[in-house]
2 protein chains.
Amino acid sequence: QTLEGHLEEDNIQERENNSEPSHNVTPLLLDSWKPCRGLRANVKELLVMLSRCLGSVCGMRWYGFAALGMLTAILSFLMDLSVAKLLRAHQWLYMRLEGHILLQFFCWTLYPACLCAFASSFSHNISPFSTGSGIPEVRAMLAGMEMPHYLSLTNMFAKFLGLICTLAAGSTVFLGKVGPFVHLSTMVGAYLDKLCCLIQGKQKEEAGTEMLVVAAAVGVASCFGAPVSGVLFSVEVMSSHFALRHYFPCFFSAACGALTFHLFFVWSGDGETLQALYKTNFSTSLPFFPLEILLFALLGLLCGALSCCYLISHRWILRFTKTNRFFCQMLTTEKGLYSGLIVFFLASLTFPLSAGQYMASKYTTKQLLTSLLESRQWSSQSHNASVLLASLEWSSSGTPIFLSLAFFLLMKMWMLVLACTLPLPAGYFMPVFVIGAAVGRLLGEGVAYMSSGGETLWISLNPGGYALAGAAAFSGAVTHTLSPALLAVELTGQFSHAVPILLSTVLANALARSGNRPSFYDAISISKKLPYLPSLKKASFQQQSYGQFLCLGPLTLSHRDYTNGFLSSLLLSDSKLFLGYVLRSELLLFLHHCQTQPKSFDYNLYFHIVCFLPSQAYSVLSIAGAHPLFVADGGKLVGQITWSEMQQILEGLAREI
Amino acid sequence: QTLEGHLEEDNIQERENNSEPSHNVTPLLLDSWKPCRGLRANVKELLVMLSRCLGSVCGMRWYGFAALGMLTAILSFLMDLSVAKLLRAHQWLYMRLEGHILLQFFCWTLYPACLCAFASSFSHNISPFSTGSGIPEVRAMLAGMEMPHYLSLTNMFAKFLGLICTLAAGSTVFLGKVGPFVHLSTMVGAYLDKLCCLIQGKQKEEAGTEMLVVAAAVGVASCFGAPVSGVLFSVEVMSSHFALRHYFPCFFSAACGALTFHLFFVWSGDGETLQALYKTNFSTSLPFFPLEILLFALLGLLCGALSCCYLISHRWILRFTKTNRFFCQMLTTEKGLYSGLIVFFLASLTFPLSAGQYMASKYTTKQLLTSLLESRQWSSQSHNASVLLASLEWSSSGTPIFLSLAFFLLMKMWMLVLACTLPLPAGYFMPVFVIGAAVGRLLGEGVAYMSSGGETLWISLNPGGYALAGAAAFSGAVTHTLSPALLAVELTGQFSHAVPILLSTVLANALARSGNRPSFYDAISISKKLPYLPSLKKASFQQQSYGQFLCLGPLTLSHRDYTNGFLSSLLLSDSKLFLGYVLRSELLLFLHHCQTQPKSFDYNLYFHIVCFLPSQAYSVLSIAGAHPLFVADGGKLVGQITWSEMQQILEGLAREI
């Protein structure tokens with residue numbers, strides 16, 4: 001077959017592709033439930049007119065980006081509002097039952113248990129794709145996988161309601177909001193993208209990826225009102241090659257989102273003006289002593305080491321739930337019951353009249369973080385018996401705050417690992433952030449206590465600064481990212497500690513990444529058999545030489561290679577050498593051959609084989625987009641392959657399995 | 001010729017390449033001046049031993065990154081120290097001559113004129129590549145151009161000393177430090193890279209690009225002690241596709257640089273602890289009213305419009321100095337004299353006893369920025385006759401501060417445009433930042449004046465916030481970047497205004513980029529005939545369709561295409577369609593054909609023809625690096641081309657011309 005034949009084929013295919021999107025859009029509209037047909041037509045006409053007017057100012061996509069930011073911020077605000085109401089209701093009920101210990105116990109445990117059981121079964125029944133964080137799935141979509149179910153409106157609805165229930169369960173379940181919000185944001189983005197295409201009457205282009213990248217930034221920005229760290233998060237977690245053309249849209253949309261989020265807070269009467277979410281009041285005249293830099297570096301290393309422990313136990317529980325028969329059965333058939341039982345167990349442990357009193361369990365997650373970030377020293381306050389409200393909960397039982405903090409850390413760590421197995425929409429970033437803050441606080445209080453005891457050199461030491469640095473360092477190390485350093489600054493509006501925070505985060509990251517271990521998201525990706533290319537690329541620092549495989553001709557794949565571990569070892573080390581190119585026919589043969597032995601088939605590994613073997617070719621293909629790359633066979637050009645073609649092959653295989 | 005033949009050829013070439021670096025290193029060491037041969041050998045042995053010890057902790061490159069950050073920060077600190085001393089000497093002399101107006105005039109004018117004349121002729125004679133900002137050159141190097149002269153140690157020495165002289169000329173010449181510092185940092189980086197390779201005994205790999213990307217981030221980070229905006233600057237200005245593997249090294253090195261810079265300041269006794277360079281004390285309880293957001297948006301648009309005026313006049317003067325015979329001759333033969341004359345002219349205008357008193361010319365650039373960022377209102381202070389020290393200079397002549405500010409803006413704008421023609425090492429970012437601050441201050445003072453006159457709704461309005469937002473917006477719009485928004489925050493340590501600053505910057509950028517006009521750096525690139533790919537790509541938002549050129553076969557270039565303006569129109573619009581591929585033979589023919597008519601040859605345009613015509617192919621090629629892409633001729637594979645090959649062709653052509 002000559003190239004021309006291929007080109008003609010491609011031409012036809014392209015024409016088909018061009019006509020396809022309109023097919024795609026119309027069935028969707030016809031199939032879905034459609035009230036008020038006439039009104040819809042009118043609205044559509046109006047929208048077309050409006051789009052012409054707006055289009056004269058700037059491109060339609062800019063309105064899409066602005067709308068994405070605003071809508072996500074409104075969703076975020078609504079969620080915060082309803083969660084706050086549900087939490088207050090629980091608190092009110094608990095206070096009302098004062099004196100009846102048994103009733104209080106049931107109120108404390110059954111409320112979150114019911115909420116989580118509901119969240120679990122509801123989200124599973126409406127859309128099974130809505131559980132978990134969503135970040136690994138969004139990453140996979142950005143890497144080129146097509147997962148339309150993950151972007152449906154039904155999924156958004158299920159995820160939104162489920163997440164409200166999860167968050168309303170409070171600090172007992174101790175789960176966060178960031179991850180699902182990034183997912184929610186991508187769903188809003190995908191919908192707006194479709195809408196923009198519909199209004200413009202254009203066929204769908206590769207703008208979809210752009211919306212996804214932007215949506216990832218907006219998710220974080222709208223969740224905390226932190227635009228810059230949102231963009232950095234998008235750069236880090238989402239794409240191995242960040243294209244500069246996404247940079248401005250990301251910032252634009254994130255700024256819109258953060259602004260809307262803050263303005264809603266002002267309008268709802270929560271603040272006089274636009275302020276940081278967890279505003280602190282550290283002393284700005286002397287935020288820290290220069291020598292404390294060493295302590296911050298130590299804190300970073302400590303957080304890095306702790307994060308390794310946490311990640312190991314997280315990976316262990318992910319494996320355990322897959323291999324243990326009881327867990328496996330519960331998680332596949334009785335999701336609601338499982339969630340309810342686990343949360344009941346967690347809640348009974350945190351009951352304030354039993355062990356809960358030693359771990360400030362009455363605080364909500366927000367209150368926990370606020371108290372940990374307080375600038376005044378706790379230990380000296382309890383010394384002088386002038387116990388303040390903020391530290392009241394930590395020393396309510398009369399135990400020293402050091403013991404409280406240590407007990408809190410010990411308990412929350414394994415409880416969080418257990419909570420990560422819950423099959424409900426939940427984020428895992430915020431709890432990690434709080435645990436990091438507790439680690440930092442513990443070190444800070446210790447240093448403050450020791451320095452106040454002896455000489456008076458460091459009289460005004462601020463343990464809150466350590467808590468902030470610890471939070472950034474630990475969450476950064478767990479997720480293998482640096483954006484938490486900026487997030488810590490944006491959350492508190494405290495810029496004076498920027499340099500020590502960055503130092504701790506960088507050191508914690510260096511330690512956490514040193515062994516080429518998978519990050520938190522990578523571990524979930526592995527467990528869900530999703531591709532997790534970016535982190536593998538990121539982690540590849542050493543350049544090992546696979547001299548014997550440096551062949552410039554096409555590489556021949558054999559099943560032996562796959563089984564005897566050569567390929568997996570290759571994948572784990574991601575050598576940066578050009579190993580060769582895989583022929584299309586070869587690839588197909590290889591994949592079909594392996595398919596006959598379904599026992600040994602691992603989709604995730606396959607994706608990597610295809611992507612990695614021509615190590616650079618993946619980047620080339622993913623950037624080349626629809627443009628074909630030539631495929632040669634023994635020096636003769638036999639055809640060309642595009643990224644979408646390769647994807648189709650892979651997806652077809654995945655479906656068959 | 002078959003592919004196999006090519007592959008063999010390539011194999012041989014590769015082997016040659018592998019042996020080349022050792023050739024490269026050895027002659028360099030032999031040719032250069034070498035004192036104490038024995039000592040050097042000992043030191044080298046020691047270094048090899050040390051490297052083995054260090055290498056066991058982490059890769060050699062990490063020490064390189066850390067050293068890069070620290071060295072650049074030390075250079076930055078030394079420069080600041082010497083500049084401060086030189087400025088103080090000038091001030092002291094000027095004060096001593098109090099009473100002798102003529103002597104004062106000569107002191108005021110001749111001091112900077114001599115310094116600049118020295119800087120100009122010195123840097124030209126030592127290394128002609130050391131003049132100007134250096135950012136366009138660094139960008140070109142990152143795009144793949146090889147410019148070894150720009151990375152030599154001689155160039156570094158000339159640039160360092162020249163820059164000190166330029167900065168010591170003070171606010172009269174009104175030039176900055178950032179651009180040359182990025183260039184200096186890349187020179188340090190290139191040297192460290194060589195050193196790392198030498199110590200490891202490895203051949204030089206493509207790590208060079210990595211060092212350049214990291215060095216760009218470190219340059220900004222060490223210049224202001226602002227690590228995060230340094231990294232963002234590197235992402236924005238430097239590369240069209242930012243690879244994630246550079247992200248962590250960038251942050252690591254920038255954090256090292258910023259930390260060292262701050263620590264040196266503490267150790268020199270300039271501050272008690274690590275603080276922002278231009279620390280402000282805005283009120284944190286109510287930094288701004290929610291409705292002020294609209295004013296910040298207005299300020300952004302205003303700055304965007306002003307930046308367009310500034311850029312137009314800058315482009316005009318760049319063209320003027322090339323076409324005007326007098327300027328042209330002066331700039332080619334009498335650089336020192338030209339600099340001296342221009343600076344004398346500028347200085348005589350800013351003489352404090354004449355026009356200078358209306359534009360606060362006694363302030364240094366640093367004092368100017370500090371006074372502009374002051375949080376207290378100037379206008380009300382002069383109303384109540386309680387004139388404070390900070391605003392003293394602005395109303396020293398008794399004129400209202402509004403007139404002073406407006407006069408300052410008017411004069412400084414065209415003076416800066418003129419100063420941009422000076423052939424000496426100088427940065428153009430800081431002056432733009434200060435002018436933006438003045439624009440913001442003017443608006444802020446106006447609003448504060450009006451609101452204090454009427455109702456008492458906005459009693460505690462802070463004009464400093466507007467100055468900060470204006471500075472970020474104007475400098476962002478001029479350079480077409482968003483990182484100044486973060487730089488403004490990092491410079492002042494003022495996070496409370498982050499959202500309005502970001503909003504202003506985004507809007508100013510949107511306006512400045514709307515017409516697809518070149519940015520400040522692009523204009524210099526055009527004037528110096530350097531490739532400036534990233535910005536063209538960045539600016540391409542609309543997707544025009546060139547339907548008739550959507551051919552899937554190879555595109556034939558003809559000289560007619562070039563002359564009748566089709567290609568240039570194509571280049572300006574950068575359509576995102578795949579236009580076709582250029583054959584290597586075709587390309588060579590075309591280039592050689594055009595070369596016979598040297599009149600019509602424009603190197604910059606050529607680069608773009610090659611890069612743009614296969615629009616995506618540029619990205620593919622530049623990322624594919626050393627890996628070949630196939631070149632087809634009428635459906636038959638005729639060979640392959642690599643990025644370096646294409647570069648060689650281009651460089652060969654450039655040299656011949």
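Keep in mind that glycine also has a Cβ here, set from the backbone N, Cα and C atoms.
Curation does not apply to TrEMBL; its annotations are automatic.
Per TrEMBL, the features are as follows:
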type	residues	note
COMPBIAS	B:1-18	compositional bias 'Basic and acidic residues'
REGION	B:1-23	region 'Disordered'
TRANSMEM	B:62-81	transmembrane segment
TRANSMEM	B:101-122	transmembrane segment
TRANSMEM	B:157-176	transmembrane segment
TRANSMEM	B:211-235	transmembrane segment
TRANSMEM	B:247-268	transmembrane segment
TRANSMEM	B:288-312	transmembrane segment
TRANSMEM	B:337-360	transmembrane segment
TRANSMEM	B:426-444	transmembrane segment
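Proximity of the transmembrane segment (B:247-268) to the transmembrane segment (B:62-81) is established through 3 or more Cβ-Cβ distances under 8 Å for residue pairs spaced 6 or more apart. Scored on C-beta pairs under 8 angstroms, the neighbour of the transmembrane segment (B:157-176) with the top count among B:62-81, B:101-122, B:288-312 is B:101-122. The stretch from B:62-81, B:101-122, B:211-235, B:288-312, B:337-360 that makes the most Cβ contacts under 8 Å with the transmembrane segment (B:426-444) is B:288-312. Cβ atoms under 8 Å from those of the transmembrane segment (B:62-81) belong to residues 54, 160, 163-164, 167, 177, 181, 184-185, 188-189, 192-193, 195-196, 211, 214-215, 218-219, 221-223, 249, 252-261, 264-265, 268 of the same chain, restricted to positions at least 6 beyond its ends.
Distant neighbours of the transmembrane segment (B:101-122): 86, 90, 93-94, 131, 158, 161-163, 165-166, 168-170, 172-173, 335-344, 347-348, 350-353, 422-425; these residues of the same chain sit at least 6 beyond its ends, with a Cβ under 8 Å from one of its Cβ atoms.
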